[in-house]
Amino acid sequence: MTSLHKQIIESHNNDITKLKSSMSTRAAARRSVCLSSMSYTLGADDVTPITSNTTPSNNNNNNNTTTTITTTTTTPTISPLKQSTTGSIIPKSILVTKSGSKEEPIVSSSKSSSNSSSINNNFNNLYSASTFSSSTKKVHERPSINPGFRKPREALLSGNSDSGIIKKPSSSSTSSSSSSSSTTSNIKAPIQISHSSNSGSSSSGGNNNNSDDNSGSSTIKHTAASLSKMKLSPSHTISDSPRSSTMKSRSVSISNGSLFSPTNTSVNNSNNNTSSNIKTPTKSSISENLDQNTPPPPSSSSTTKTPTATTTTTTTTTSSSSSTSTNTTPSKSSVDDVFARLANVSKPAIKSRSLSVSASLARVEQSPPTKDKGDKESSSSSSSSSSSFSSKFTKILRSSSKTPTPTSSNTTVQPSTTSLSASKISSRKDTKSLSSFSTTTTTTTLKSSSSSSSSSSSSSKSNIASSSSSSSNNLTNLLTQSQSISSTSTSTTTTPTSTSPTLASSMSVLSSPTSTTTTSTSTTSTTTTPTKSSCTIITPSIALKLYINDLTSAEQSEILDYPQIYFTGNTNKKTKFNSQLPNNGYDNDIGEYKVVERDHIAYRFEIVSILGQGSFCQVVKGYDYKTGEMVALKILRNQKRFHNQALTEIKILEYLKTNDPNSTASIVHLNNYFYFRNHLILTFELLSMNLYDFLKVNHFQGYNLNLVRRFGAQILTSLRFLSKRNIIHADLKPENILLKSPTKSGIKLIDFGSSCFENEQIFTYIQSRFYRSPEVILGTKYDKSIDIWSLGCILVEIFTGVPLFPGSDEPEQLACIMEVLGAPPKSVIDNSTRKDIFFEDDGTPKPVKNSTTGELYTIGTKSFKDSIRSGDEDFDNFILDCLKWEPSQRITAEQGLKHDWIIKVIAPTAPSTPS
């Protein structure tokens, strides 16, 4: 090896050594922040930050050189708060310093003096935010963190630590118990805290010349005026309920209250049953998002009134169990009891399903703490590595950003977007399914009274880029805690929901139609709840540049046919184009579309889950990125006969929507329809469970007559609306009657795929078997009275829990009817085109065996009243009026609404419909 080669290698090694040295500061900071966030997530019941050094304490050892080892921690409060002689709340705390190998606990005096020379030398690397909080809960100690290694999770969980207990000097001038502090360990460019007064300034290092030696360090300077104001500075209260062993999630929602509106913050402590109500005028009102608004336990309470800039309350909530109580007796459930249990079974469907931008940025390099504006020198920690990322990220955000506002902005990221920029940042292997969870990140910039902290040049363009959050992948992203890197305080919570789409950590801002990013100087709020805000649209050319890796080769050509792109899919299981397979590989053998969850529909909708599948179509739950709403998408089979049938359905649905714009007729509304990959797709409003599932959650025991009456009145209202327009639904059944809400009795009719106008009958084989009228079975002419027959069968099933006529085929179905109602009139048999199948030549029914017992059915041997045992004569008469052999003798929808059994609820339940 020549000397030239050796020189090149030596030079290369020197460059690497210098690079490692320059990167050590940021690397240590990132490790400290990650471990701090992980420990906060895993074990800290109550993490209370250390108070900023508002008053320096006396220390005569200014010239002693000490090796200060500090950690990036949020120190838990060990002992209860004690009231000082001046009325300030002072916590007991101890600062442990290491001089060589010897540890010396130092307890500073509680007396404050304006002429105090310095805070202890061991505060050299301590930087603290100017916020204060108080807490009384005892938590485990945190382990120290050395920059060269990361302790295993077990040490964090057990709370064992090799380092001493950290206590801070008490001071009577301190107005609050503690404040958040963040320090780095063994960093070459320590962050110093300088306090200036009329008598001079003192540095918190072992030598007053440390600031000169460490030219790259960030210095936070305080004047006497700022220190006096800091005594009255607003407190940042963080109240955490203890986590249970099952790692319950936290819930924080941002209220829509006006600025500076008084907010009552309730803190519940499940350990000691104490509650404290803190009434503060808040700049950003953050309220608790609970399942129910319940008052705090009345055992003990304390009220504190404090002027605050921002009050953040984080409360642990336990999501309701999705299991319902099992009834062992066939007793009818009361209405209130049913919907109370349903409230635990199913939560509102539209909850957000996506991680916030800050959560996505947790996987990239976090920007270092920013310098004060008074310091003209840029910090060495604010290096070009973070600026390169921030500049790229900001350029992408520009296309979706609104006009910057000087106060606050809301950034909404919709469910599991592959969205448009963070997919370049976050690895797909980090994608986790977080069904029924939504993450809300609230980032609040706290201003110092003397001078406000400015973001670094790379991250000043966007508040999102300036504050990154760190999430614990080891916990499979079930809990996400956000850690502030600059002079911002970030709070991240996870809210449980039940019907949310599965979350993916690969996010993008631009693919969310409601995402708005603005530069904010005071408050930036990032939430995942879908809202109806203005959407962001990108062109196919931009989508190809940003997401070409997320698109298949066929999609890269297909996307050019769609002028507006909202979503490109968030899955690596996309269907591949194959010209040798049916519909180029997008369909199965019978013409059904191959549904892939998390994929897109027409570059606008995200497929969340499959709701149902029938002989004509598939129904999926999707998220509309244009409107920010959850919708139901009906994907028709790729066959001509189904296509023609769907065109008739569209014609009827649009006619109904035109005649019922306010949806008073309890009929589902069609939102839109379009073609995608040779499939006709219809979009509808998303409703709750159908009545069959409603019976299923009650273990098919049926419901009381009051609830049955409510359903009956609403169905009659819909049938009257259809009857006036000569429309036959032709497929009434419990599966096609959906609850509007899982906790209320409002319903809507769906599925008009078999419907027709009365004078334009298309099909002869209609209606589901259990609810099929005799004229359809016998092949005679039918009219809108077939829906009345179906109504009678449905109401009996809701009451009893089982079908009234459960035939396995048409002969058995007709035999079941004749067993209860007797033989049909001769006129009905004579008009039948299929009488040879069911009757002998003399008109007697052919024998039919019970498919379950094997016994022959007999005619008229089963009493109707004995079959249902309702005990309500009006109900029995109403059902019998619906189940007449002759269609002309059946009750009409108009007459049904005036029936004695229905009239009791017609006023509140059946609103007037358009004429």
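Including glycine, each Cβ sits where the backbone N, Cα and C put it.
Here's what Swiss-Prot has on this protein:
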ACT_SITE  Asp731  active site, proton acceptor
BINDING   Leu611, Gly612, Gln613, Gly614, Ser615, Phe616, Cys617, Gln618, Val619, Lys634  ATP binding site
COMPBIAS  51-79  compositional bias 'Low complexity'
COMPBIAS  108-119  compositional bias 'Low complexity'
COMPBIAS  170-185  compositional bias 'Low complexity'
COMPBIAS  196-218  compositional bias 'Low complexity'
COMPBIAS  234-260  compositional bias 'Polar residues'
COMPBIAS  261-287  compositional bias 'Low complexity'
COMPBIAS  300-333  compositional bias 'Low complexity'
COMPBIAS  352-364  compositional bias 'Low complexity'
COMPBIAS  379-391  compositional bias 'Low complexity'
COMPBIAS  399-425  compositional bias 'Low complexity'
COMPBIAS  433-533  compositional bias 'Low complexity'
DOMAIN    605-902  domain 'Protein kinase'
REGION    51-119  region 'Disordered'
REGION    132-334  region 'Disordered'
REGION    349-533  region 'Disordered'
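Positions of the features from Swiss-Prot, shown on the structure.
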{"residue": "Leu611", "record": "ATP binding site", "Cβ contacts under 8 Å, 6 or more apart": "Val619, Val620, Lys621, Ala632"}
{"residue": "Gln613", "record": "ATP binding site", "Cβ contacts under 8 Å, 6 or more apart": "Glu592, Val619"}
{"residue": "Ser615", "record": "ATP binding site", "Cβ contacts under 8 Å, 6 or more apart": "none"}
{"residue": "Cys617", "record": "ATP binding site", "Cβ contacts under 8 Å, 6 or more apart": "Lys634, Ile635, Leu636, Arg637, Phe642, Ala646, Gly753"}
{"residue": "Asp731", "record": "active site, proton acceptor", "Cβ contacts under 8 Å, 6 or more apart": "Asp751, Gly753, Ser754, Ser755, Ile766, Gln767, Ser768"}
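The DSSP secondary structure for the residue listed as 'active site, proton acceptor' is coil. Residues Leu611, Gly612, Gln613, Gly614, Ser615, Phe616, Cys617, Gln618, Val619, Lys634 are the ones the record ties to ATP, and the longest Cα gap between any two of them is 14 Å. Taking the mean position of the Cβ atoms of Leu611, Gly612, Gln613, Gly614, Ser615, Phe616, Cys617, Gln618, Val619, Lys634 as the ATP site, the remaining same-chain residues with a Cβ inside 8 Å of that point are Ile635.
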